[in-house]
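Structure, as structure tokens:
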Amino acid sequence: MALNDNNSEISSKCINKDNNKRENYIDWEDYFMAIAFLSAKRSKDPRTQVGACIVNEDKQIVGIGYNGMPKGCSDDEFSWCKNSNDSLKNKSLYVCHAEVNAILNKNCSSVKNCTIYVALFPCNECAKVIIQSGIKLVKYVSDKHATKKKTIAAKKMFDAAGITYSQYSPKNKQIIIDFTEIDSDNDENN
């Protein structure tokens with residue numbers, strides 16, 4: 001109810017024709033995984049783009065990261081090679097993984113008991129940092145390196161430390177961001 005200048009009540013009407021909430025919104029898990037995938041779009045790596053999103057028990061995002069060079073290290077100066085004969089030109093010596101960046105970028109004092117959403121199953125080095133940080137749940141989309149020693153070692157450490165991990169299958173296979181949608185007439189009654 002609203003009051004007019006004469007302090008008399010004016011009835012408020014719901015202008016929404018069907019008076020129901022929108023049904024085609026994304027759920028929390030698709031939202032957090034989409035944030036991880038969107039973060040990956042910031043990566044300069046020409047071969048692998050990975051993003052991570054850390055969420056606390058209140059469904060608040062507390063950290064985001066993607067794979068990239070450390071702060072202060074030029075993306076143009078260091079090599080993005082994967083298998084160079086010159087080992088100093090291999091990106092693995094320089095790139096910070098998405099999980100580590102998300103933990104380092106946290107906006108709170110601790111990520112203890114949080115969930116990390118990540119595009120790709122973490123490697124052994126990221127697993128160490130995840131365990132040490134107190135994260136308790138790892139949700140990932142791809143496990144394409146499942147047979148590699150780094151992934152096997154990561155799972156072994158997660159199991160020993162009591163960290164739960166599970167492959168996530170998004171309900172929405174695609175989420176499209178249309179920056180022009182806000183100008184559509186769908187919100188004329190808001």
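Placement of Cβ uses the backbone N, Cα and C atoms for every residue, glycine included.
According to TrEMBL, the feature active site, proton donor maps to Glu99. Close to Glu99 (active site, proton donor) in the fold, though at least 6 residues off in sequence, lie Ala52, Gly65, Ile116, Val118, Pro122, Cys126, Val129, Ile130, each with a CB less than 8 Å from its CB.
Positions annotated as Zn(2+) binding site by TrEMBL: His97, Cys123, Cys126. Cys123 (Zn(2+) binding site) falls outside any helix or strand according to DSSP and counts as coil. Within 10 Å of the C-beta of Cys123 (Zn(2+) binding site) we count 20 further C-beta atoms, all protein chains included.
Residues or ranges marked as domain 'CMP/dCMP-type deaminase' in TrEMBL: 27-165. Looking just at the domain 'CMP/dCMP-type deaminase' (27-165), the mean pLDDT is 96.
The Cβ centroid of His97, Cys123, Cys126 marks the Zn(2+) site; residues of that chain outside this set whose Cβ lies within 8 Å of it are Ala98, Glu99, Val100, Pro122, Asn124, Glu125, Ala127, Val129, Ala154, given in sequence order. The helix, strand and coil residue counts that DSSP assigns across the domain 'CMP/dCMP-type deaminase' (27-165) are 49 helix, 29 strand, 61 coil. Counting other Cβ atoms within 10 Å of each Cβ, the binding-site residues His97, Cys126 show the lowest value at His97.
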